[in-house]
Amino acid sequence: MASVSATMISTSFMPRKPAVTSLKPIPNVGEALFGLKSANGGKVTCMASYKVKLITPDGPIEFDCPDNVYILDQAEEAGHDLPYSCRAGSCSSCAGKIAGGAVDQTDGNFLDDDQLEEGWVLTCVAYPQSDVTIETHKEAELVG
């Protein structure tokens, strides 16, 4: 007779608890508390928020701006009036000059490569990529 010297145990039939992938089950906790946003399906993504300082003719203003919101839109949301026209990066009404920091303005098409290198920015199509300082109301200087 043959003897069995080892016994194998399979655990594939044992149920596993799914990993937590959403903050929804936690009561009274919003995604904004953690700098997170939740898309449909419960997937959680991380978004950064940066300090934006705008130097206007009326004095400096500061606010926080998420990296997926245009600077002009967030400034208006914070109650500040800035010049604009097209809101599509196709004109120079919202032109400014970057004094420090970085933005992503790949959605715009008005500024050429030389102007971008010189620090010109269109706030209507600029996402902050770091804490940033921008001198606003510069359309006349840009086109003049």
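Just so you know, glycine gets a Cβ as well, placed from its N, Cα and C.
Annotated transit peptide per Swiss-Prot: 1-47, in sequence order, evidence recorded as similarity to another entry.
If you look up Swiss-Prot, you'll see 50-140 marked as domain '2Fe-2S ferredoxin-type', on the strength of sequence analysis.
Shown in sequence order, SER93, CYS124 are the residues of the chain, 6+ apart in sequence, with a C-beta less than 8 angstroms from the C-beta of CYS86 ([2Fe-2S] cluster binding site). Under the heading [2Fe-2S] cluster binding site, Swiss-Prot lists CYS86, CYS91, CYS94, CYS124, citing sequence analysis as support.
Secondary structure from DSSP puts THR136 (phosphothreonine) in coil. What Swiss-Prot lists as phosphothreonine is THR136.
For the domain '2Fe-2S ferredoxin-type' (50-140), the model gives a mean pLDDT of 97. Taking the mean position of the Cβ atoms of CYS86, CYS91, CYS94, CYS124 as the [2Fe-2S] cluster site, the remaining residues of that chain whose Cβ falls within 8 Å of it are LEU72, TYR84, SER85, ARG87, ALA88, GLY89, SER90, SER92, SER93, PHE110, LEU122, VAL125.
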